[in-house]
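For reference, the structure discussed in these notes is given below.
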Amino acid sequence: MHLNIILLEASLELVPKEIVNHPAVIKNAKRRNKKPEDTLLDISLHYHAMKYLENSHKRGRPDILHQALLVILTDPVIKGDIFIHTIQSKIIKVNPNMRPPKNYLRFIGLMEQLLKYGKIPINGDETLMEVTNLTLDNIVNRYDLILLSEKGEKINPEEICKLDEKWLLGIGAFPHGDFSDKILNLAKKIYSISGFPLETQQVLCRIFSACNSILGWP
């Protein structure tokens, strides 16, 4: 079954320059023998430093992306184009054959490498993830964007499984708040698959379970 997915406003970024000299940032970087600007922003490590950042409520949660990619990339049946749109508006193309590390610390190291060098692996025949020159506008010119939001029109998850290849399913990968106005305006349709707020991995699990059920749990 083919399903195109973009994880939107993902909380994935290197420590921004505004807080690169904060003691919490420096302490973590020294412990890992890295430059502060080469480490990933993580609210569990940089909580006090992040108080000074704009939109801090949507930032510093790379664990959300980690959990989402584990669901998407380990399903043997559901395949399609996979993109990540970060909180800093970077567009990352994900190879559907990638197997993300299950260990969170290994994932963090991989994402730091990706954001520093632009792709992983740095050298190799097959690129697993790459920071592209695309914009979100470029992406929605290729596909019709559907957003999943608790404010959308209520549908059953099975309806998502019936989408053809022209559609791109947009799922938020940030901890709090709503999609930006720009993203809401780019969407052709906005749906909800639950009467309750769901976390990113819960949304994906419901959809992937519904799609596998339609296929008879192959």
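Our numbering is plain: 1 for the first residue shown, then up by one each step along the chain.
Placed from the backbone N, Cα and C atoms, the Cβ positions cover glycine too.
The shown structure was predicted, so the numbers you read here are calculated from the model rather than taken from an experiment.
Copied over from Swiss-Prot, here are the features:
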BINDING   G172, G177, I193, S194, G195, F196, P197, L198  S-adenosyl-L-methionine binding site
SITE      R61  site 'Interaction with substrate rRNA'
SITE      D63  site 'Stabilizes Arg-61'
SITE      R99  site 'Interaction with substrate rRNA'
SITE      K102  site 'Interaction with substrate rRNA'
SITE      R106  site 'Interaction with substrate rRNA'
From recorded sites R61, R99, K102, R106, the one whose Cα lies nearest F196 (S-adenosyl-L-methionine binding site): R61
Distance [Cα-Cα, Å, rounded] between G172 (S-adenosyl-L-methionine binding site) and R61 (site 'Interaction with substrate rRNA'): 12
Minimum Cα separation from R61 (site 'Interaction with substrate rRNA'), reported as the residue among recorded positions R99, K102, I193, G195 that achieves it: K102
Residue with minimal Cβ packing [other Cβ atoms within 10 Å] among the binding-site residues I193, L198: L198
L198 (S-adenosyl-L-methionine binding site) and R99 (site 'Interaction with substrate rRNA'), distance between Cα atoms, whole Å: 25
For I193 (S-adenosyl-L-methionine binding site), the one of D63, K102, R106 that lies nearest, given that the recorded sites are compared by Cα: D63
Which listed residue (G172, G195, P197) has most other Cβ within 10 Å, given these are binding-site residues: G172
Set of same-chain residues at least 6 away whose C-beta sits under 8 angstroms from G177 (S-adenosyl-L-methionine binding site): N55, H57, K58
Pairwise Cα distance maximum in Å, S-adenosyl-L-methionine-binding residues per record: G172, G177, I193, S194, G195, F196, P197, L198: 18
Cα-nearest neighbour of D63 (site 'Stabilizes Arg-61') within the listed recorded positions, R106, S194, G195, P197, L198: R106
For the recorded positions R61, R106, S194, F196, the one whose C-beta sees the most other C-beta atoms within 10 angstroms: R61
Close in space, distant in sequence - K102 (site 'Interaction with substrate rRNA'), Cβ under 8 Å, 6 or more apart: L70
